[in-house]
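Straight from TrEMBL, the features:
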{"type": "DOMAIN", "residues": "10-63", "note": "domain 'HTH cro/C1-type'"}
{"type": "REPEAT", "residues": "116-149", "note": "repeat 'TPR'"}
{"type": "REPEAT", "residues": "156-189", "note": "repeat 'TPR'"}
{"type": "REPEAT", "residues": "275-308", "note": "repeat 'TPR'"}
Amino acid sequence: MEFNSPSEKIKLMRKRFRVNQAELEGINMTRAFISMMESGRRNVSKSSSKLLAEKFNKIANRISVNLNLDDEYFSRTPKEDAIYYCKEELNKDPNHDKLEELIEISEDFELDDLQAEVYKLQGEKYYKEKDYKEAFFHFRKALGKYKELRDKKSQVRIYQLLGICKSRREEHDDAIHYYKEAIAYAREENDKRVFYKGNYNLALSYMLTQQYDKSLERLDQIINSKEDEVDFDILVDAKILKGYELDNIGRGKEAIDEDLSLIDILKGKDDESLSMAYNNIAEAYYKIGDYTKSLKYVDEAQRLKVKVNKPMLSQTLNTKGKVLFKTGFYQESILILGLAIDLAEEYKRFDYLLESCKDLITVYESTNDYQSIQDLMNRLLEILDTNDVKSGKAYAVLKLAEVSAKLDNSSETISYLNKLEILLQ
C-alpha cells in the first residue's frame, strides 16, 4: 500500500481527472496558491483540503464516479494516511490477509500502538478459529509491543490468552507460567476479573499436571473470597472444578455433594455451567460403580450441552461411553466413544481427544481387537501431527508397539520402540 504526500495527491488527482489548476480555483483558493501546494512550497491546511476535496468530488460526480474524498484527505501526511487507512479497515472485520497487510503498514510507519492492536486482533481471530499455535504467535507479538509501550493494562489480558493457548495445546507447564504473569499484572492493575479467572485457569493447569494440593488451594481462595469481589460465573466454575478434582483424587462423595449443591443455584440461570455440574456428578457416580445414577446425570448433561456447550459435548459422551461399556453395551460404547473423539477433534479439545481414545482402547482390548487399536492409534497420531501437538504421541506409539509385540511382529515392534525412545527424550 502506497501513501502519498499532500502535494503528490493534488498532482495525481489532477492527472487522473485531466483537469488543470485553473479549474480548481475558487473564491478562497487562487491558481497560484494551488500551484504552491502542489509543488510542496505551501502546506495544505484542513480548510484548503476541504475545498480541494469538494472540487474533486464534484468533478468525479460529473462523470458518474463516486470518489467520496473526506474533508481532510489532502491535508494528511503519508503517516496520517496510514493511520487513517488502518483504522478504517479495522472497522470492516478484516480477514487474516488484510490484518497482515495492516501489520506491515504499521511496522513501516512505526505505529507501535496500532501494530500491537492488530497483532492482538489477529491472535483473537486465530483463537476463535481454535488455531492456538498461530494465536499464541500473534499474542506474543502483541505482548512485545505492549511492553515497548509500557502498557501494563493491555498486558494483563494478553498473558491470560497466552496461557489459554498453551493449555489448549496441552503445554501446561508453559500455561502455568503465563497464568502467573496474568495474575501478577492483574493484581497490579486492580483487574479483579482477570485476577480471579487467572487463578481459576492456574488451578486447572495445576490439576492437569497432578499438582492437586496447589490446585485445590487456588480454588478455595476463589470460593472463600468476598462475594462482591469475584464474579458469579468464575465462582461457579471454581466450585465445578473443585468437584471434578475431588472426584479425581478419590473423594467421590465430597465431589458429588459439591456439585449437587450447585444444581438449584444454576437452574434457569446458567445452563452451560449446569451441564458441567451434571457431567461431574455422572463421572463421580461412574467411578463408584452406580451406573444407573451416572446415566441419569449424563443424559441431563448431554441434553444441555447439545443446546449450549457443544465444544464440551465430547466430555459427556466420554462418560456415557464408559458407562455403556461397564454395563455390557459393547457396540454402543464404541459408537459413543467414537462420536466423542470426532467432536474433540472438530473443536480441537486435545485433552478430551486423548481421554476418549484411551477409553476406546480399553474397549478394544477387552476383545483383543488389535486391528481397531492400530487404526485408532494411527488416526490419533495423524490428528496430533496435523495440529502440531506433542502430548499423546508417546501413548499412541506405545500402544502400537504393544500390538505389534502381541502379533509377533518383532521388526515393527523395535521400530515403534525406537520412535518411543525419541519421543520420551
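Any Cβ shown, glycine's included, is placed from N, Cα and C.
Bear in mind that TrEMBL entries carry predicted annotations, made automatically and left uncurated.
The shown structure was predicted, so the numbers you read here are calculated from the model rather than taken from an experiment.
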Beyond the flanks of the repeat 'TPR' (116-149) by 6 or more, those residues with Cβ under 8 Å of it:
86, 90, 94, 96, 99-100, 102-103, 106, 155, 158-159, 161-162, 164-166, 168-169, 347-348, 387-388
In the same chain, which residue numbers or ranges, 6 or more beyond the ends of the repeat 'TPR' (275-308), come under 8 angstroms Cβ to Cβ?
240, 243-244, 247, 252, 255-256, 259-260, 262-263, 266, 315-317, 319-320, 322-323, 326-327
Taken over the repeat 'TPR' (156-189), the model's mean pLDDT:
97
